[in-house]
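Undergrad: Have a look at this one.
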Amino acid sequence: MNQMLFVTKRNGKIELINLDKIHRVLNWAAKGLENISISQVALKSRIQFYNNIKTTIIHETIIKAAADLISENSPDYQYMAARLTIFHLRKKAFGQFNPPNLYDHVKNMIKLEKYDQHLLNDYPKQDFLIMNSFIKHRRDMNFSYAAVKQLEGKYLIQNRVTKKIYESAQFLYILISACLFSKYPNETRMKYIKNFYDAISTFKISLPTPIMAGLRTPTRQFSSCVLIESEDNLNSINATTSAIVKYVSQRAGIGINAGRIRALGSPIRNGDTLHTGCIPFYKHFQSAVKSCSQGGVRGGAATIFYPIWHFEIESLLVLKNNRGIEENRVRHMDYSVQLNKLMYQRLILGEHITLFSPSDVPNLYDSFFNNQEKFERLYIKYENDKTIRKKKVKASYLFSLMMQERTSTGRIYIQNVDHCNSHSAFNPKIAPIRQSNLCLEITLPTKALQDVHDKNGEISLCTLSAINLGSLNNLNDLSKLSNLIVRALDSVLDYQEYPILSAKKSALSRRTLGIGVINFAYYLAKNGVRYSDGSANNLTHRTFEAIQYHLLNASCVLAQEKGACHWFSHTNYYKGILPIDTYKKNVDEICNEPLHLDWELLRKKIKKYGLRNSTLSALMPSETSSQISNATNGIEPPRGLISIKASKDGMLRQVVPEYKRLKNNYELLWNIPNNTGYLQLASIMQKFVDQSISANTNYDPKLFPNNKIPMQQLILDLLTAYKLGLKTLYYQNTRDGASDHQTEDIQFSKNENCNHGACKI
């Protein structure tokens, strides 16, 4: 019957269907793959054909037929579906399978105002011919189906109204490289462009969404994370709101420190009126966050930070839950509770926590971050001052409420502010850490703005990227990769534009980077070690020692070449203090691996030449970009050997790397009996990482009596994380049984890990 069907071609011409042509394309897409049935894909497709069907719909039907066959027994369908999609995208972009040459493509795209004019200004035609020779378009065939769909949905330049695609992946990679090294000397820039292109197009380095989606376009804002602090006055609150709108519209995820805002009922202007409290202003922030999508790529998102001793804490902890009414809930942001040693001590000793409005207790709020001894002294003093409004609550009640809300929403995060400042890249006396970002991996100094043009405020930005651990042949590879990644991200800081002066001043003075990892689960599987039993501890120590060492060394080399960052004196590195000096020594009880690299030589070099960047490392979530690299997410264990990830492009099946060879080596999330092994590994990483880690906790209620997670277990894991020096905790994942109908190795995963915000890669 199909032989008599007519089809409408892309050019509008109608002709008889050519099944031989379809089979030729299917044969091409299946070449070299195992366990593929071309006839099965053809059969599944043809039953959906109809008269006058468009050839574009035929192509999409074939792609879906192949993608639906991705399974445990036939994982190679992910590559067949990917190749068919690449073919389809190239036809949409170029009208043919073979891409044009780079120079003609760039000229055309600049004419269409899709690419930045500087590409033609900075590079003569001869350079484009050289860059064109670097491009390996066949690398498009290394993408998995999930990767190609993410490219299509988020990263390739397109008209989001008409769905017109304008480029292919290799053009994206070469032009990102060209943009980043455009100001390098003529004699070296082609070398760096080629090396960086090779590293990103072969998935050795993973780039964040703002860079992948925007770098090469006229829009120049590529920092993934923005940290904004609000003061306790209307001018500052409104300046914060303005800053949020500007950055959300430009692809950034937001961290908002609202901890200074005074409590409900506090006096204003010596009692002229009473304060409305935090919630109305949180709603104000929420409206700003949701006012824009992030450059058409994803919706805005933010995390708000406040201390556990805030007078309104009981109302703030429940803002995200589904109970209550609209007036007393602010559900469309996430929240992070700030803790320190004194608060944990009150819990352990069965004592009370006293709640204050920050406006009533001079210097308490600032000392909470920059001086723990002073904080404890002032806190006890104010507890005994009968003239100050306060409320005493049992520490066990407050921690239980916090952990209950963390469990029910999954999105109440933890920041240990003392660890953030004692094990910091920054000197807390000069540049204290008072908040984190959307996903809790960034710890940078901030200062509230009084208006959006305030030169004295500080909005902190962090530019992210990640090393693909699965691509390493050995730890020596990290030297070259670190050099490339530090140079590239440092160039981003000079290349991008800054909508707010205080952000520009901070970014160019501190030059902070956050370089993390992807594919850690594959790295463990490849090395035959596991999350849960301690077998990965020493490997993790050696790996993250090498990562931080080589990143610092690369930044020091760049400082010799271009100068140290202007505010290098604000860092502990300036004093010769390294992460290996300030980590929580309890880590030594779980890992006795010695240091293997010459840290004393590095210390001398840093003291002599400085660093180009105030910070180098942060371990972020990477749900989307890890799919591009066909890698596992960040440091997380996979939920299944084949995960079905819900995204706006539909259900995407992603297979773990080297499934056939290593399927018995992977330790899946819900097969890990408890959080202890994971928290130990995270603490070993934190020993070296100079910012923080988006570390999660995970619970399967079926492992506990009556299918209920005991509060004692939740608190125990929280205390373990603190004892081992973790600065932050991100999501709490609770197994809900939604995936029980799948086979053991196929798990659903909502693509929510930092899905709306850009603080992931």
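For all residues, glycine too, the Cβ spot is worked out from N, Cα and C.
Look at Swiss-Prot and you will find Asn437, Glu441 tagged as active site, proton acceptor, backed by similarity to another entry. Feature annotation from Swiss-Prot assigns active site, cysteine radical intermediate to Cys439; the stated evidence is similarity to another entry. Positions annotated as ATP binding site by Swiss-Prot, on the basis of similarity to another entry: Lys9, Glu15, Leu16, Ile17, Asn18, Leu19, Asp20, Lys21, Thr55, Lys91. Here Swiss-Prot flags Thr209, Asn437, Glu441, Glu623, Thr624, Ser625 as GDP binding site, drawing on similarity to another entry. Positions annotated as dTTP binding site by Swiss-Prot: Asp232, Asn233, Leu234, Arg262, Arg269. Residues or ranges marked as disulfide bond by Swiss-Prot on the basis of similarity to another entry: Cys225-Cys462. As annotated by Swiss-Prot, domain 'ATP-cone' applies to 5-95, with the evidence given as sequence analysis. Per Swiss-Prot, the feature site 'Important for hydrogen atom transfer' maps to Cys225, Cys462; the stated evidence is similarity to another entry. Swiss-Prot lists Tyr730, Tyr731 with the feature site 'Important for electron transfer'.
Are these features on the surface or tucked inside, and what touches them?
TA: When Cβ atoms from all protein chains are considered, those within 10 Å of Cys439 (active site, cysteine radical intermediate) total 32, not counting its own.
Secondary structure at Glu441 (active site, proton acceptor), as computed by DSSP, is coil. Take the CB of Glu441 (active site, proton acceptor) and look out to 10 A: across all protein chains shown you find 31 other CB atoms.
For the recorded site, Leu16 (ATP binding site), the DSSP three-state label reads strand.
Take the CB of Thr624 (GDP binding site) and look out to 10 A: across all protein chains shown you find 28 other CB atoms.
In the three-state DSSP scheme, Asn233 (dTTP binding site) falls into the coil class. The Cβ of Asn233 (dTTP binding site) lies under 8 Å from the Cβ of Gln450, each of which sits 6+ residues away along the same chain.
DSSP assigns Cys225 (disulfide bond) to a strand in the three-state reduction. Taking the Cβ of Cys225 (disulfide bond) as centre and 10 Å as the limit, one finds 32 other Cβ atoms among all the protein chains shown.
Other C-beta atoms found within 10 angstroms of the C-beta of Cys462 (disulfide bond) number 28, with every protein chain shown included.
The number of other Cβ atoms within 10 Å of the Cβ belonging to Tyr730 (site 'Important for electron transfer'), over all protein chains shown, comes to 27.
The DSSP secondary structure for Tyr731 (site 'Important for electron transfer') is coil.
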Undergrad: Pull the DSSP breakdown for the domain 'ATP-cone' (5-95) and write it out as helix, strand, coil residue counts.
TA: 53 helix, 8 strand, 30 coil
Undergrad: Measuring Cα to Cα, how far is Arg262 (dTTP binding site) from Cys225 (disulfide bond) in Å?
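TA: Taking the Cα atoms only, Arg262 (dTTP binding site) lies 26 Å from Cys225 (disulfide bond).
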Undergrad: Measure from the Cβ of Ser625 (GDP binding site) and count the other Cβ atoms within 10 Å, all protein chains considered.
TA: 30
Undergrad: For Asp232 (dTTP binding site), just count the other CB atoms lying within 10 A of its CB, please.
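TA: Step by step: centre on the Cβ of Asp232 (dTTP binding site), count other Cβ atoms within 10 Å, giving 19.
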Undergrad: Select the closest residue to Cys225 (disulfide bond) from the following recorded positions, measuring between CA atoms: Lys9, Leu16, Arg269, Glu441.
TA: Glu441
Undergrad: Note the mean pLDDT of the domain 'ATP-cone' (5-95), expressed as a whole number.
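TA: Averaging the confidence scores along the domain 'ATP-cone' (5-95) gives 93.
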Undergrad: What is the interatomic distance between the Cα atoms of Lys9 (ATP binding site) and Cys439 (active site, cysteine radical intermediate), given in whole Å?
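TA: For Lys9 (ATP binding site) versus Cys439 (active site, cysteine radical intermediate), the Cα atoms are 46 Å apart.
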